[in-house]
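Enquirer: For reference, Swiss-Prot lists these features for the protein:
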- D71: active site, proton acceptor (ACT_SITE)
- T9, T10, N11, Q12, N13, K14, S72, F152, G153, Y154, D155, K175, H180, R181: substrate binding site (BINDING)
- D71: Mg(2+) binding site (BINDING)
- 203-223: region 'Disordered' (REGION)
Amino acid sequence: MIPMIVLATTNQNKVKEFQEILKDFAIEIRSLAEFGPIPEAIEDGKDFDENAYKKAIHTAKILGIPAIADDSGLEVHALNGAPGVYSARYSGEGATDASNCDKLLEELAGKEDRSANFTCVISIATPGGPALTYEGRCDGKILTEKRGKSGFGYDPLFYFAEYDKTFAELSMEEKNRVSHRGKALAEIKAEAPQIIKWLEQRLSEEKPAKPDHSEFEGNDWSK
């Protein structure tokens, strides 16, 4: 049995979402904060997939245990997919949730198409390099003003029609059921036995080779 897996993030909001959704997962999920500070991964990937893998493998190699990481963001159609991988730092150096939301509203001023989607890619990596990848997406639109007090990031602006609420107006249970991250984590829960078996096999190898990341797309358990 795999004793633990570390969640490669210092974002406590993400930690809460992961731990809540995966509370019945058969592996102990530990927060990165429990291991003390480590060098930050360089998130210079061209998409969410690359950045999630970079964070997961970076953490797994440093700590010597499996790591799970996500990269997620908002893609606004009228802005050609922006802010995308730059969602957390959209308003520049020292960006905050508030400044990012303000920047988004400025960029969308006068635009009729306010459709958008949240995307989340989760990578589970072993210290030797292999990784499994999961993805979730949620479609909505950007409002002209903030609504709600819960959540984080762009949640106060992201309107989800099915509930007639923004993500910041949803309870944690509601958000976890429909959000991009919730959908990706639901896939992980559904494949928990296979994931545990895969991790055990990889960790039992003395010198696991570091394959190309694309080799593991589609989660082929035979590799």
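Each Cβ is built from the backbone N, Cα and C atoms, and glycine gets one as well.
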Enquirer: Compile a sequence-ordered list of residues in the same chain as S72 (substrate binding site), six or more apart from it, whose Cβ lies below 8 A from its Cβ; state 'none' when nothing qualifies.
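Expert: Spatial neighbours, sequence-distant, of S72 (substrate binding site): F48, S87, F118, T119, C120, V121, H180, R181.
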Enquirer: Quick check: in three-state DSSP terms, what is H180 (substrate binding site)?
Expert: helix
Enquirer: Give the sequence-ordered list of residues that share a chain with N13 (substrate binding site), lie 6 or more positions from it, and have CB atoms under 8 Å from its CB.
Expert: G151, F152
Enquirer: For the C-alpha pair, I'd like the distance in angstrom between N11 (substrate binding site) and D71 (active site, proton acceptor), rounded off.
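Expert: Between the Cα atoms of N11 (substrate binding site) and D71 (active site, proton acceptor), the distance comes to 12 Å.
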Enquirer: Any idea which of the recorded positions N11, D71, G153, D155 has the thinnest Cβ neighbourhood at 10 Å?
Expert: N11
Enquirer: Any idea of the Cα spread of the substrate site, T9, T10, N11, Q12, N13, K14, S72, F152, G153, Y154, D155, K175, H180, R181, as a max distance in Å?
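Expert: With T9, T10, N11, Q12, N13, K14, S72, F152, G153, Y154, D155, K175, H180, R181 as the binding residues for substrate, the largest Cα distance is 21 Å.
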Enquirer: How would DSSP class the residue listed as 'active site, proton acceptor' in three states?
Expert: strand
Enquirer: Give the sequence-ordered list of residues that share a chain with T9 (substrate binding site), lie 6 or more positions from it, and have CB atoms under 8 Å from its CB.
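Expert: Listed in sequence order: V15, L32, K55, A69, D70.
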Enquirer: Secondary structure at D155 (substrate binding site) (DSSP, helix/strand/coil)?
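Expert: In three-state terms, D155 (substrate binding site) counts as coil.
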Enquirer: Hey, how far is G153 (substrate binding site) from the residue listed as 'active site, proton acceptor', Cα to Cα, in Å?
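Expert: Their Cα atoms are separated by 13 Å.
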